[in-house]
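Chemist: Okay, handing you the structure first.
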C-alpha cells in the first residue's frame, strides 16, 4: 500500500469578469458618491469631485474592492511613467544635440528642447556649443544614455517606441486586473509570496538583467567612447551580445565563457567586474566595471532573499511568527497584531513604504553627487545641483505623505478595542511623554543652533571677529563627522584592502579628479560653518518630525478634543463651543508639517549649492591650481545670517535678475512669476473663509443685477480647501523660485490719555534736542551743512571691537556715533537755532511742557475738574477752540517766531530774549501794518546771491510771495513761509468764530447736517441723524479724525520732497528718503486705524432707528453694490497693471524691447504743464508764454515759480513718463484693494448674508462653528 500525501488544494485567487466593462459612468462625474453624483449646485461640488475621486475608502467599505482599485490604479500610474519616459527619449531623438554632445561632452552642453520663433521667445535657444542652439537641460538623461551605451538617435527612437508599447501594456493590465481577472483579497494579503516575488523577481532579476546589459553592451561601448572612437564607428549593441569574440578583444576573460563561473575561479572576470573604488579619471563617474559588479552582487543577494519567506512549500519564515515573537522588556505584547494591521490597512502599509522610499530618495540625493554614477555627470554642475535638489524635494514630500497616511490609518483603520498593550498601544499611551520630550529637543535645538548665528552676527556687527565661532577664532569643529570621514578615507588600507581607493573622494585624502579642466570631485573639508548649518538641519528636521508625529499620535483624540475620531482626518475648526479651536485635525498637522519640510529642505539645498560652489566646483589650471566658483567663501561667510543673505542669496541672484535679453531670460521670468505665486498663497493662508464668502455674495449680486448669474452658486473655498490651495501655491512658488535662482546662477555662472500722549511727545522731542546738544555736532554742522554729516548721538557699547569703532566713527567725531537722518538739524538751522545752548534751552522748555501735560492729564481725571459728558458733546465750542486757538493762534505765534528770529537768523542776525526788543524785524516797524501799506513788507527780498545765515545778498522783506527756492539751500524762501503761516492764521482765526456757542451767533452743525437733503431723493433723508450719531460715538469721531490725519500725513510726505521747507534738506538724499518713507507708513497705519474704528462704530454704537434712511443707512443697504463695484475695479486694475508689466518683462526677456507697451501719462503731464512745466510741449495756462495766466503770473505773483518748475536742481515737478504711468497704476491697485478690504470690513461689520448676526459676536471672533461651515 502506497501512502500518498494529500494533494494540496488549489486556491482560486482571482474572480473572472467581476465588473462589466462600460463607459457609461464616464459621463457621470462623481458616480462613486451619491451626493456628488447629483450634480453641481455650488462650486464646492468641483472641489469635492477632485478631493474624493481617489479616496477609495469613501466609495465603499469593501476592502477587496478597494484593493482592486488601488492595484488597477498602480498600472495606470506605471503607464503614465512609461509615457513620460517615452517622451523624454523621443525629445532626445528628435530635438536634441545628443550625438554632438557624445563626441565632446566636456565642451558641448546637453540640449533636448528647441523653442519655436514665436513672440521673440527664440532668444531662449542659447548656444550650448558645437553650433547648436537650444535650452540646456539639467535632468542627467544624456549621461544616463551614454552610460547605457546609446550612441545614436535611432536607438533613442527605438527605446521611445518600446516605452510607448509598455505604457499600452500597463493600461491593458490595469483594465484586465479589474474587469477580467480581479485578484481576491487573499491574494493581496499573501505578503510572504508578495515579498518573495518583489525581492527575487523585481529587484533580483531586475538587477541581474541590468548587470547583463552593462556587461554586454554598456562596458564595451563606453570603452570605445572613452578611447575617442567615433560613435558611428562603434559596433551596434546586438553585435556585442551575439558575438563573444568581439567582446573578448576588449575583455579577454570572455574567451573562457562561463567556465570560471562554474569552477569558482571568479577572479578571472576581474577585467570587467572590478572593485576599484573612486572615479574614472576620463569621465569623472564611477567605474562602469564597478557598477556592473555592484548590480551583479545585489542581484544575487536579492535572489537569495527572495526565498526567505514561507509560501506553499512550508520552507522559510512566517512574517506573523517573526513579529509576534518580537517582545522587548518595555513593549508589553510587542509586535503582536502588527501583521493584521499591515494586511488589512493599506494606509498603514503605504505609510511605511512612503517613509522608507522618502528616506531612500534622500540617500540617493547624497550619493549622486558624492559618487556620480554616470559619465560626465560630475562636471555638469547644473545637472548635479538639479538632481540633488529634485531628490531632496521628492524625499521630503514622500516623508510628509508617510505621516499623512499614518494619521489616516489611526483615524480610519485603528481599532483601540482590539489593540491592548501592544507596541502601538503603548506608543499612543505614552504620546504626551514622546511629544513633550521632542518639543523640548526642538526648543533646545532652535535656541542653540540659531543662537550661534545670532552671536556671530552680533560679534561681526560689533567688529569683533576674534570672538566669533569660526575656523579662525572660536572653533566648533565637527569632530564626529570628521572622524567618520577619516574612517572611510582610510578604508582601502584598513577595512577594505581589495579596493584601490575609498568609495568617494569626498571622504578625504589628497586625490582630485578633473575632467576637461573642470573639477569632478575632491575631498570636501568640514569645519565650523558646517557644524553650525548642520545643527540648523537638525532643528528643522526635528520640528518637522514633531509636527507630523503629533498629528499621527493625536489623530484620534486629545485632551482638548477627545472625539477627534468622529470628526475624521480633516475638519477645519471645532466651533465656538471650545473656543473656535482650529489647526487640530490630522490634516492640519500635515499642512503645518509641509511648511516645516519646506524650511528643512530649503536649508539643505542652499547649503549644498553654496558649499559645492565654494569648496568643490571650479576649474583647474595647467599648473594644478583650483579656482572655485565662489572662491572658498563658505567657511567664513556662512557663519552669519548676514553672510547668507549677502554672499549667497543676494550675490548669487545677480545672474537671474540680470537675465533679461539672454537665453536665461525665462529663468528671470520664472523667478518673478514664482515669487508672485508664493506671495499669492498668502492670500489664501491669511484670509478666512467668511471674508471671501461675503465678498462673493457681493459679486453674485452684481451678476444678478446684470442677469448673467450662473446656475451653479459660487462658494468660497472651505478652510480645508483654502489651506490646501495656499500651501500648494506656497510650496510650488518657493520651489520654482529656488529652481530659477539655482539654474540661472549655475548655468550662467482717550482724553486724559491724550495729555499723556502729548507728554510722551514733548519728552521725546526734548530728548532729541538734549542728545544733539550733548553728543552731536550741531555747531560744526551749521558751518558746512553740505559736507559735514549730522550726528544724532554717540554710541557706547562695550561689545564693539576696534573695526566696529572705526566703522562708526564718522562726522568728525572722536568715537562711534549714529548719523541723523531725521531732518532735525535742517529744521533747527532754518528756525534760527545756532548753538548747543539754544538746544539745551529748547530741551528744558519741552520738558516743562511734558510735565504740564502730565499734570493736566491727572487734573482732568479729578472729580472737581473732570469734564462732563455734555462738555465732550459740545461740538461747536470744541471746533471753534480748535480752529481759532489751536490752529489760528499757534500759526500766528509761529509767524512771529519766523519773522522775529528765523528770518533775521538767515541774514546773520542772532536774535534772542536779550535783544528781542532792540532789533525790529523790519526797518519800518509796525507802520505799514497800521497804515495798511502791507506791500512794504514784501519789498527788497533776499537776492539770488544770498548766502544763508549771512548778510551777504540779504534783503529786508519779511512777508513775500516769491515762489521757487532759495538758490543756495534749495528750500522754500523763509519769507514766503512766514507769509503762508500768517495767512492761514487769519483764516483759522476767522473760522474759529463760525459755529454757534453761548452767544447765539454762527452756524449750528446739527442744522447744517440735517438741512443737507439732496433734492433728487437718492440719498433718502440725507445727513439727518448724523449729528447725534457722531456726537455719541467716540469711535466714529476717531475714525473721521484718523482718516483726515492719514490723508494729511500722506500729503506731507509728498510735499516734503517736492517743496522742501528746511535749509539744505533737499541735498540730503537719505534724509529725504527716510522722511518720505516714514510719513507714508504712518499714513497707512492711520488710515487702517480709521476703518478699524469705523467698523467698531458700526458694531457697538450704530443705532439703525436713529439713522433710518439717511446716508449711513443707505450705504449699508447698498453695500453689495459698493463692494462688487470696488471688487471689479480692483480686479480690473490688478490684471491690467500686472498684465502690462508681465508683457514688458516677457518682451525684454526675449530681447525685443521695441515691442514693450509704453504709455505716456498725458493727464499728469497736462497738470504739470498747467503749472508751468514746458518740457512736455503742452501750450496751456502757465506753460503758454502768450496766455493771460503766464503774463499775470510774471507781473503779479510768484515770479520764481516758473523758474523752479523748469529747473533740474529740485524735485518740484519731476519729469514723468511711461514708467510712472505703470507704477502709478500699480499704486492704484494697491490702494483700491486695501480700500476694498477695509470698506468691506466696515460695511459687513454688523452682518452679512452669510452671517446676519455678526454684531452679536462683536468686533473680533475666531470661527463661526460647524453649523455654518466653520467660517473664518
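Note that Cβ sites are derived from N, Cα and C of the backbone, with glycine treated the same way.
Reproduced below are the annotations present in TrEMBL:
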TRANSMEM  70-90  transmembrane segment
TRANSMEM  350-370  transmembrane segment
TRANSMEM  390-412  transmembrane segment
TRANSMEM  433-454  transmembrane segment
TRANSMEM  531-549  transmembrane segment
TRANSMEM  590-610  transmembrane segment
TRANSMEM  739-764  transmembrane segment
TRANSMEM  839-861  transmembrane segment
TRANSMEM  1034-1053  transmembrane segment
TRANSMEM  1081-1100  transmembrane segment
TRANSMEM  1121-1142  transmembrane segment
TRANSMEM  1221-1243  transmembrane segment
Chemist: At least three Cβ pairs under 8 Å linking the transmembrane segment (1081-1100) and the transmembrane segment (1034-1053), pairs spaced 6 or more in sequence?
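Modeler: The transmembrane segment (1034-1053) and the transmembrane segment (1081-1100): touching, yes.
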Chemist: Given a Cβ distance threshold of under 8 angstroms, which distant residues of the chain, six or more beyond its ends, lie next to the transmembrane segment (1121-1142)?
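Modeler: Distal contacts: 695, 698-699, 701-702, 705, 1115, 1157, 1159, 1222, 1225-1226, 1228-1229, 1232-1233, 1235-1236, 1239-1240, 1243-1244.
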Chemist: With a Cβ cut-off under 8 Å, give me the same-chain residues at least six positions beyond the ends of the transmembrane segment (350-370) that come close to it.
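Modeler: 342, 377-378, 384, 387-388, 390-392, 394-399, 401-406, 409, 504, 506, 521, 608, 612.
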Chemist: Tally Cβ pairs under 8 Å between the transmembrane segment (590-610) and each listed stretch (390-412, 433-454, 531-549, 1034-1053, 1221-1243), then give the stretch with the top tally.
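Modeler: Comparing 390-412, 433-454, 531-549, 1034-1053, 1221-1243: 531-549 has the most Cβ pairs near the transmembrane segment (590-610).
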Chemist: Counting only residues 6+ away from its ends, which parts of the chain sit with a Cβ under 8 Å from the transmembrane segment (433-454)?
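Modeler: Distant contacts of the transmembrane segment (433-454): 427, 469, 476, 532, 535-536, 538-539, 542-543, 545-546, 549-550, 553-554, 639-641.
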Chemist: Is the transmembrane segment (1221-1243) packed against any residues at least 6 beyond its ends, judged by a Cβ distance under 8 Å, and which are they?
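Modeler: Tertiary neighbours of the transmembrane segment (1221-1243) are 691, 694-695, 698, 1087-1088, 1091, 1094-1095, 1098, 1115-1116, 1119, 1122-1123, 1126-1127, 1129-1130, 1133-1134, 1136-1138, 1140-1141, 1144, 1159-1161, 1164.
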